[in-house]
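What Swiss-Prot records for this protein:
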{"type": "REGION", "residues": "1-69", "note": "region 'Disordered'"}
{"type": "COMPBIAS", "residues": "7-24", "note": "compositional bias 'Polar residues'"}
{"type": "COMPBIAS", "residues": "45-54", "note": "compositional bias 'Low complexity'"}
{"type": "TRANSMEM", "residues": "91-107", "note": "transmembrane segment"}
{"type": "DOMAIN", "residues": "129-290", "note": "domain 'TNase-like'"}
{"type": "ACT_SITE", "residues": "Arg180", "note": "active site"}
{"type": "BINDING", "residues": "Asp185", "note": "Ca(2+) binding site"}
{"type": "ACT_SITE", "residues": "Glu188", "note": "active site"}
{"type": "ACT_SITE", "residues": "Arg228", "note": "active site"}
{"type": "REGION", "residues": "264-303", "note": "region 'Disordered'"}
Amino acid sequence: MPWLFWSSGSQRQMSSNENNTDKTTPIVGETNSSSSSTQCANCSTPITTPPTDTSNQVNPPHQTHRPPALDWNASLATRDWAGDFKDPRNLIPTLLLTSGILFCVRIHRKYLRRIPVATSISPTYFHKRSIFGRVTSVGDGDNFRLFHTPGGRLAGWEWLPFRKVPTAKKELKDRTIHIRLAGVDAPELPHFGRPAQPYSDAAHTWLTTYLLNRRVRAYVYRQDQYGRVVATVYVRRWPFPFIRRDVGLQMLRAGLAPVNEAKTGVDFGGEGTGRRLPPRGGKGEEPPEGDLEGEGGFRGGES
C-alpha cells in the first residue's frame, strides 16, 4: 500500500519491516522437492521438516464382504457323527468319565450311604453286612440305639464340621437304629404297666457303662416284630483296643442275662452259636459254668 506523503518516518520503517518478513516467511504447504531440510537464514543449523501426520486423514469406507449364510441342516447331514464318536480322542475320555461316575455312585450306595432307622435297612444286609456307628442311648438291658456313621473316621465322621454325631434328643429323633442283642434275653425294665424283672437295673446299668457313647459294629440278622434289628454287636475297649468283644457274650459271662431260649425267631450270631443252651428238658451239653453264671446272676436261663 503506498504511503501518503504525510506519513511519518516510523510508519515507513514499519512498512519496510513487514515487506522483509513476507519475503522470508515460507508459504504454508510449500515443500522443497530436493531436500527435506532447509538452511536458516541467520544460522547454519538445518531445520528438519516433521513428517506428515496421516492418522487424521479420513479413508474411504471399505466395502465388507459377508460370508454366505451357513446351512445348518446341510452341515448336520454331511457331518460324520459315527466317526467322531468312534474317534479314540473322544471315546476314551468319555468311557473313563462315565466309569468313574458309576464307580463313585456304587461306592457311596454300598459303603457311604447313611441308614437313618432300622426299617430302612435293606434285606441284602442280613447275615452279610455290618453297620458301624456310635451308641447314643441304652433303652433296656439288651437293646440300644445307634447313630450310623458309614466309613467311620476315614469318611470324616466326628472330625469334619459337617460330620458330627448329634447329642440332643431333638436332633436324634428318627435318625438312630434300634438294635437288640442277638442270643440273649436280659431282664426288662418296667414299661407298658409291667413291673420290672429281677436284675433289670443291674443289666441296664452294665450295658450303659459298657456301650454308651462308644463306637460299635453290629452284624445284623433280621428285624423283629417291634421294628428293631437283631444283631451281634462288637466293641473295642481299653486296655486292649485291638481286641473286639462280643457284647452279648460279655453279658452272659457277667451273669446279667440268660441265653434266649425261645423256640422260634432266635438268632445266635458270632460266638453265641457255640454257647446256646438246649431248651429245658432237652438233652445237650451245657456250656462252661463261667460263661453263664455270676454272682447274683443267671444260669441256663433261670432267674
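Each residue, glycine too, has its Cβ placed from N, Cα and C.
Where Swiss-Prot records a feature, it is marked here on the structure.
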| residue | record | Cβ neighbours (10 Å) |
| --- | --- | --- |
| Arg180 | active site | 25 |
| Asp185 | Ca(2+) binding site | 19 |
| Glu188 | active site | 18 |
| Arg228 | active site | 19 |
Quiz item: Going along the chain, which residues at least six beyond the ends of the transmembrane segment (91-107) come within the CB cut-off of under 8 Å?
Solution: 85
Quiz prompt | Three-class DSSP secondary structure - Arg180 (active site) | solution = strand
Quiz item: Relative to the Cα of Arg228 (active site), which of the recorded positions Arg180, Asp185, Glu188 has the closest Cα?
Solution: Arg180
Exercise. Summarise the model's confidence over the domain 'TNase-like' (129-290) as a mean pLDDT value.
Key: 86
Self-check item: Glu188 (active site) to Arg180 (active site) - Cα separation in whole Å
Solution: 12
Exercise. Give the three-state DSSP assignment (helix, strand or coil) for Asp185 (Ca(2+) binding site).
Key: coil
Exercise. For Arg228 (active site), name the DSSP secondary structure in the helix/strand/coil scheme.
Key: coil
